[in-house]
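Colleague: One structure, as structure tokens, below. Some questions next.
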Amino acid sequence: MTISTTALGGGATTATRKQVEAKYEEERQIQLQSRGMVEDIEITRNASFEQFAKDPWAAPKQVDVEIQRERLLQQAHHKIIIIGAGFGGLLFAVRLIQTGKFKADDIILVDSAAGFGGTWYWNRYPGLMCDTESYIYMPLLEETGYMPRNKYASGNEIREHAERIAEKYALSERAIFRTVVQSLDWEEEGKVWKIAGVKLGKNDECQQPFQLIADFPIMASGAFASPRVPNYPNIFDYKGKLFHTARWDYKYTGGSIENPKMSGLADKRVAIIGTGATAIQIVPQLAKNSRELFVFQRTPAAVDVRNNYPTDPARFKSEIQGDGPGWQRRRQINFNAFTCNEKTLPTDNKIGDGWTRMPSFSVLIGGPQSLEPDYIDQIRPIDMARQSEIRSRVHKLVESTAIADSLTPWYPGWCKRPCFHDEYLQSFNSSNVQLVDIRHDGISRFTPNGLVANGVEYELDAIILSTGYTVPVTRASPSGRANITVTGRRGVTMEEKWANGLATLHGVMTRDLPNLFFAGTSQAGACVNLTYALDQNAIHVAHILSEAVKRQPSDCTKLVIQPTHEGEEAWTMEILQRAAGFRGIAGCTPGYLNGYGMDASSLKPEEQMNMARLAAWGEGIASYVDALEGWRSEGQLEGVEMTFFA
């Protein structure tokens with residue numbers, strides 16, 4: 001179907017809208033038919049793909065890291081062990097320390113990386129920036145007194161901020177790096193968790209087993225821990241350079257994250273597979289530095305203006321910090337109000353970016369109006385108008401009509417993470433850049449000299465995989481995402497709880513996995529600004545743990561805490577009552593946000609109910625936080641079962 005790319009301007013008719021919806025469905029069907037042709041490999045579970053998981057940033061001789069690791073491992077029993085040393089893990093640690101009931105010495109952070117930062121440790125590709133305003137994304141700016149250098153900070157600056165937080169709260173010496181947790185097992189007799197895994201040696205080899213004991217483990221390993229690598233036919237026949245964007249090889253490309261002048265590509269034919277939020281930042285850099293660049297695209301990104309600029313210290317002090325103590329949280333709440341499409345919006349849009357001008361993203365993350373039966377019908381015309389502007393922008397910036405047509409996104413704006421960049425689309429005007437549209441046939445196979453797509457062999461010196469991260473559809477629990485086996489009372493595993501009718505209390509703890517806490521989206525709040533959601537989880541867990549410790553009798557040495565059955569079922573009912581707020585995702589083009597096009601209507605009723613129990617809080621992040629703060633203010637720890645042992 002061919003229709004105007006500018007369809008749905010201000011005076012769009014119902015007929016035009018139906019045309020656009022038909023075009024959306026046509027593109028969706030094309031995507032559904034091409035999906036599933038290539039299996040995704042979890043690289044940590046497949047020895048043939050281990051090269052894509054190795055750490056390129058770990059120094060060959062990190063003596064200080066090794067000494068610190070061995071010292072902490074020798075202290076086998078720790079009060080709190082946090083799995084993950086990104087912003088999630090750091091926020092849990094900081095909020096626990098701020099209660100006054102825990103010290104840094106009570107806490108250990110364990111991570112497979114060789115430093116702090118989580119996804120910002122691993123990702124160091126050229127052009128990397130956050131796509132949410134740094135003044136609200138980078139946590140604890142008030143506490144650290146730090147001013148980001150730009151409205152959208154670079155990846156390097158964000159990683160350095162993680163290190164800054166660790167230093168301020170005396171956590172730098174409380175991390176066990178290059179250590180992979182593989183299992184958590186509850187020991188009923190000792191009322192502790194046994195944590196087992198392996199220490200990584202040089203080049204991630206020489207793996208040695210370890211075991212730790214924790215009173216209270218916290219799982220904060222994040223959703224983007226493992227690079228996603230499609231198992232293309234004959235992928236290992238390829239003799240050129242092959243790497244994933246999350247393991248960028250500057251030794252091959254030249255340059256660095258601080259200086260993306262990649263002189264090593266000046267005489268190279270380079271391919272990048274994927275055009276999501278990562279690729280749109282990399283493509284302009286590759287276009288400037290490669291002899292030839294081939295961009296393999298299945299689904300076009302919807303790319304709006306980013307408009308990054310340096311932070312003006314005077315303005316930052318007067319307009320942003322000038323709002324007084326608590327300015328960062330108020331700014332975050334202001335952002336959330338617009339992105340969740342609150343019924344009554346603030347009079348002042350403090351951020352004023354592409355996110356806050358996209359109320360339709362609330363279809364994905366939830367909001368107060370999402371629960372209204374006709375909300376999708378209300379928001380669809382607004383989203384169609386925005387997507388029309390996005391499509392028009394493509395044709396304004398891209399000189400070739402044919403290339404612009406291929407770069408034009410035909411799907412609702414909430415179906416893919418929206419992108420923001422000021423150079424990506426213009427890159428396709430360069431004579432050395434070629435777009436390869438693979439939405440029909442995909443990549444059929446690799447060859448020794450390149451790959452075959454659409455029946456054409458492309459000879460390539462390097463192939464870069466910008467294929468995202470493993471987000472398991474069937475292993476959606478925190479343990480599944482982290483590839484950790486968690487076994488609680490009576491042999492109950494976390495995976496079983498998520499698969500067979502999840503119930504939690506507030507999305508941070510679940511019965512039969514006592515003393516264990518976690519971060520995630522199931523039965524918790526969701527928002528664009530991930531660090532805000534993580535912080536709310538951390539604040540809540542810190543409250544629960546500190547209040548429980550306060551109530552522990554002086555003659556008791558052990559505390560066991562878990563939700564009551566009634567408490568977690570009551571919370572789950574609150575989730576189910578709001579699950580319909582996410583119904584708009586079902587008709588999207590396939591991707592990780594909708595289980596790669598999974599048809600829920602084909603499932604049995606009990607399977608559909610189990611899926612609904614996995615949903616986030618559908619009324620928006622503000623409502624979720626209000627529910628948690630109201631619960632805390634009552635001071636009863638309602639729905640929590642505490643048992644004390646001498």
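Cβ atoms are placed via backbone N, Cα and C, with glycine included.
It should be emphasised that the depicted structure is a prediction, and the values quoted were computed from it without experimental measurement.
Marked as FAD binding site by Swiss-Prot on the basis of similarity to another entry: Thr119, Trp120, Tyr121, Trp122, Asp131, Thr132, Tyr137. Per Swiss-Prot, NADP(+) binding site is recorded for Met129, Cys130, Asp131, Thr275, Gly276, Ala277, Thr278, Ala279, Ile280, Gln281, Arg298, Thr299. The N-linked glycosylation site feature in Swiss-Prot is assigned to Asn46, Asn429, Asn483, Asn529; the stated evidence is sequence analysis. Swiss-Prot lists Arg417 with the feature site 'Transition state stabilizer'. The transmembrane segment annotation in Swiss-Prot covers 80-97.
Buried or exposed, and what's around them? Tell me for each listed feature.
Modeller: Of all Cβ atoms in the shown protein chains, 23 besides its own fall within 10 Å of the Cβ of Tyr137 (FAD binding site).
Neighbour list (Met129 (NADP(+) binding site), Cβ cut-off 8 Å, at least 6 residues apart, same chain): Asn150, Tyr152, Ala153, Ser154, Gly155, Gln281, Asn308.
Remark: Asn46 (N-linked glycosylation site) has no non-local neighbours by Cβ distance under 8 Å and separation of at least 6 in sequence.
According to DSSP, Asn429 (N-linked glycosylation site) sits within a helical segment. In sequence order, Leu397, Val398, Glu399, Ser400 are the residues near Asn429 (N-linked glycosylation site), counting only same-chain partners six or more apart with C-beta under 8 A.
Asn483 (N-linked glycosylation site) falls within neither a helix nor a strand when secondary structure is assigned with DSSP, and so counts as coil.
The Cβ of Asn529 (N-linked glycosylation site) has 22 neighbouring Cβ atoms from other residues within 10 Å, across all protein chains displayed. In the three-state DSSP reading, Asn529 (N-linked glycosylation site) counts as coil.
DSSP classifies Arg417 (site 'Transition state stabilizer') as coil under the three-state reduction. Other Cβ atoms within 10 Å of the Cβ of Arg417 (site 'Transition state stabilizer') number 16 in total over all chains.
Beyond the transmembrane segment (80-97), the same-chain residues lying 6 or more positions past its ends with a Cβ under 8 Å from any Cβ of the stretch are 103-104, 106-111, 113, 115-121, 139-140, 143, 162, 165-166, 169, 171, 174-175, 177, 181, 193, 195, 212, 214-222, 482, 484, 517, 519, 531, 534-535, 537-539, 541-542, 545-546.
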Colleague: Say you check the Cα of Asn483 (N-linked glycosylation site) against those of the binding-site residues Thr119, Trp120, Tyr121, Tyr137, Thr278; which is nearest?
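Modeller: With Cα distances computed to Asn483 (N-linked glycosylation site), the winner among Thr119, Trp120, Tyr121, Tyr137, Thr278 is Thr119.
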Colleague: List the recorded positions among Gly276, Thr278, Asn529 whose C-alpha is within 10 Å of the C-alpha of Tyr137 (FAD binding site), in sequence order, or say none.
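Modeller: Hits: Asn529.
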Colleague: On a C-alpha basis, identify the one among Gly276, Thr278, Ile280, Arg417, Asn529 that is nearest to Trp120 (FAD binding site); the candidates are the recorded positions.
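Modeller: Result: the closest of the recorded positions to Trp120 (FAD binding site) is Thr278.
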Colleague: Quick one: pull the CA-CA distance for Thr278 (NADP(+) binding site) versus Asp131 (FAD binding site), whole Å only.
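Modeller: Cα-Cα distance, Thr278 (NADP(+) binding site) to Asp131 (FAD binding site): 10 Å.
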Colleague: Restricting the comparison to the binding-site residues Thr119, Asp131, Thr132, Gly276, Ile280, which residue's C-alpha is spatially nearest the C-alpha of Asn529 (N-linked glycosylation site)?
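Modeller: Looking at Cα distances from Asn529 (N-linked glycosylation site), the smallest one goes to Thr132.
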Colleague: Taking the Cβ of Gly276 (NADP(+) binding site) as the centre, how many other Cβ atoms fall within a 10 Å radius?
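Modeller: Here the count is 20.
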Colleague: Note down the number of other Cβ atoms within 10 Å of the Cβ of Arg298 (NADP(+) binding site), including every protein chain shown.
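Modeller: Arg298 (NADP(+) binding site) is surrounded by 22 other Cβ atoms within 10 Å.
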Colleague: Using Arg417 (site 'Transition state stabilizer') as the reference point, find which of the binding-site residues Asp131, Gly276, Ile280 has the shortest Cα-to-Cα distance to it.
Modeller: Gly276
